[in-house]
Amino acid sequence: MSLSLTTVSGTRLMDNPASGPDSAHPGFPQGRQRAVLPAAVSPTWDIELQTVHSASQQDTSRGGYGQSNFDIVIGCDEVGRGCLAGPVMVGACAFSVPSVLSKAAGSLFPAGLKDSKMLSEKKREQLVDPVQEWCDAYAVGSSTNQEIDRQGIMAALGDAAARAIRHILETVGCSCGEAAVILDGPHDYITPAIEAGGEAYPVLSGCGIEVFPVVKGDQKCVSVAGASVIAKVTRDRYMVGLASRHPEWAAYAWQKNKGYGSAEHRRAIRLYGATPYHRVSWNLG
């Protein structure tokens, strides 16, 4: 199976970058990172290999495994779940099964790749292009703050993930028979979104999709770590771009806090109220 390199952010996020709350401007300069970073943990290919082999027919004559029932492995991770403003995004980093096997055999992944939370902003920016070149396909799905307010954060996360996976499968021409999705975290929020989405995700119903939630998957799995870097850089650029396009909202300091609930951000909300990009169903005080 041949996969092409691609990216998308939500349904309109990058297609119409100047259209409002569900728009994005990639490529803006980043703010300064001042956080103390946790100790580094290096991911491996182990869980990807276990996932592939779990769906393989065992070849007892050779003492190993035959062809996997999966055709593609997709690592997924979210960013922006706890923010007060802006969208939630889910990155997806995909590999064909032959690619998983060949890259795992050589322990091949970009030097320094880790969970994005363990990397400085500068290092994430340095890694994002190598990560995009290393995986067979990638995408970033998005749910807007309005969608979060309307349906809740878990359903919004599911839709963002489904949009990213849909784009990857559309990119490969939906030629895959089975897709394994390795999802960071303890809960599968993707399957309910696909089942509830119906006609919104027709390509997903044409492929068998099995979701494997992995606690701390962004620290353990290279595919999920790659997805975390792509998602984090994409969303950070979006929030920096949003701040740049709206100098009248400078008090919210999105170029620094990226929509998270910093003291400066909360103080601005108390003084000036919510903008069209805030999650008004949340406690913003």
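Even glycines carry a Cβ here, placed using N, Cα and C.
The number of other CB atoms found within 10 A of the CB of Asp184 (divalent metal cation binding site), across every protein chain shown, is 24. DSSP assigns Asp184 (divalent metal cation binding site) to a strand in the three-state reduction. According to TrEMBL, the divalent metal cation binding site annotation covers Asp77, Glu78, Asp184.
According to TrEMBL, the feature compositional bias 'Polar residues' maps to 1-10.
The domain 'RNase H type-2' annotation in TrEMBL covers 71-285.
Summarising the annotation, TrEMBL assigns region 'Disordered' to 1-31.
As a whole-number mean, the pLDDT of the domain 'RNase H type-2' (71-285) in this prediction is 94. In sequence order, Cys76, Val79, Val90, Gly91, Leu183, Gly185, Gly217, Asp218, Val224, Ala227, Ser228, Ala231 are the residues of the same chain, not among Asp77, Glu78, Asp184, whose CB sits within 8 A of the CB centroid for the divalent metal cation site.
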